[in-house]
Amino acid sequence: MTKELDGFQLKLIAIIAMLLNHIGSVFQLGEDYPAVYWLTETIGKLTFPIMAYLLVQGFHYTGNRLRYGLRLAVFWLLSIIPFHVAFYNNWNFSWLDLFNNILFTLLVGLIMMVLYEKTTNSVLRLLIVLGSMSMTITSDWSLVGILIIFGYYQITDPKRKIISPPLYVAIPTFLISVGLGNRGLEGVLAASPILGLLLTIPVLFRYNGQRGYSPNWVKWGYYAFYPSHLFLLYLIKLALG
């Protein structure tokens with residue numbers, strides 16, 4: 001397979017998938033256009049694994065992990081309000097809403113890798129991973145977000161690193177959802193968007209390991225897109241009534 005995608009192109013794929021996913025969710029397309037909503041949900045599952053994979057790449061190759069973490073922290077905080085108003089359509093916040101968005105999950109994942117690297121004690125390492133999962137339980141991507149990040153971080157074989165994390169999250173989650181739903185074909189279709197995680201596998205196999213186009217505006221714009229597009233979708237929804 002030709003490896004023709006660089007980091008910049010992966011970021012574009014993640015952003016486009018995110019936008020489609022959030023259009024479907026914010027405008028509740030499932031009510032009137034269930035097939036379109038299913039498609040936006042399925043394609044949207046590309047976003048987090050790509051962001052998680054690039055996070056791990058950044059962890060290994062960045063020249064300044066503190067600056068990297070601060071960038072994530074800034075946009076996590078800037079995203080709290082846009083995330084809430086876009087998805088809940090109100091301004092009634094609780095303290096749990098402080099930890100509501102994907103950038104918080106990525107930030108915790110970064111901190112997890114930093115701490116994990118600093119010890120060889122297996123008990124401490126287990127506590128670091130479990131503690132990270134508990135911190136993101138109310139955040140976007142919840143527990144599985146940390147599992148995906150940890151998989152990309154811990155697995156060293158290049159092929160297994162790409163295949164295993166989306167596989168060990170998508171298949172069990174799908175089977176559990178179908179089993180708990182007990183709604184026949186309707187339940188299978190409702191649960192099936194999680195299998196969109198598997199679309200990440202052929203995409204990442206085409207990644208050539210190169211950063212690609214990466215001026216400062218791309219580094220900051222990649223994260224700034226998240227709160228910006230959410231707030232814009234909220235404003236459009238308000239305008240449409």
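Cβ coordinates are placed from backbone N, Cα and C, and glycine is handled just like the others.
According to TrEMBL, the protein has these features:
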- 12-30: transmembrane segment (TRANSMEM)
- 36-56: transmembrane segment (TRANSMEM)
- 68-86: transmembrane segment (TRANSMEM)
- 98-116: transmembrane segment (TRANSMEM)
- 123-150: transmembrane segment (TRANSMEM)
- 162-181: transmembrane segment (TRANSMEM)
- 188-208: transmembrane segment (TRANSMEM)
- 220-240: transmembrane segment (TRANSMEM)
Ask   = Quick one: do the transmembrane segment (188-208) and the transmembrane segment (36-56) reach 3+ CB pairs under 8 Å, ignoring pairs fewer than 6 apart in sequence?
value = yes
Request  = Return the stretch with the most CB pairs under 8 A relative to the transmembrane segment (68-86), choosing among 36-56, 98-116, 123-150, 162-181, 220-240.
outcome  = 220-240
Key: Long-range Cβ neighbours of the transmembrane segment (162-181) (under 8 Å; 6 or more residues past either end)   = 45, 49, 52-53, 144, 147-148, 151-152, 155, 187-188, 190-192, 194-198, 200-201, 204-205
Remark   = The answer for the transmembrane segment (98-116), taking Cβ pairs under 8 Å and residues 6+ beyond its ends, is 47-48, 51-52, 55-56, 59, 65, 68-69, 72-73, 75-76, 79-80, 83-84, 125, 128-129, 132, 135-136, 138-142, 145-146, 149-150, 153, 223, 226
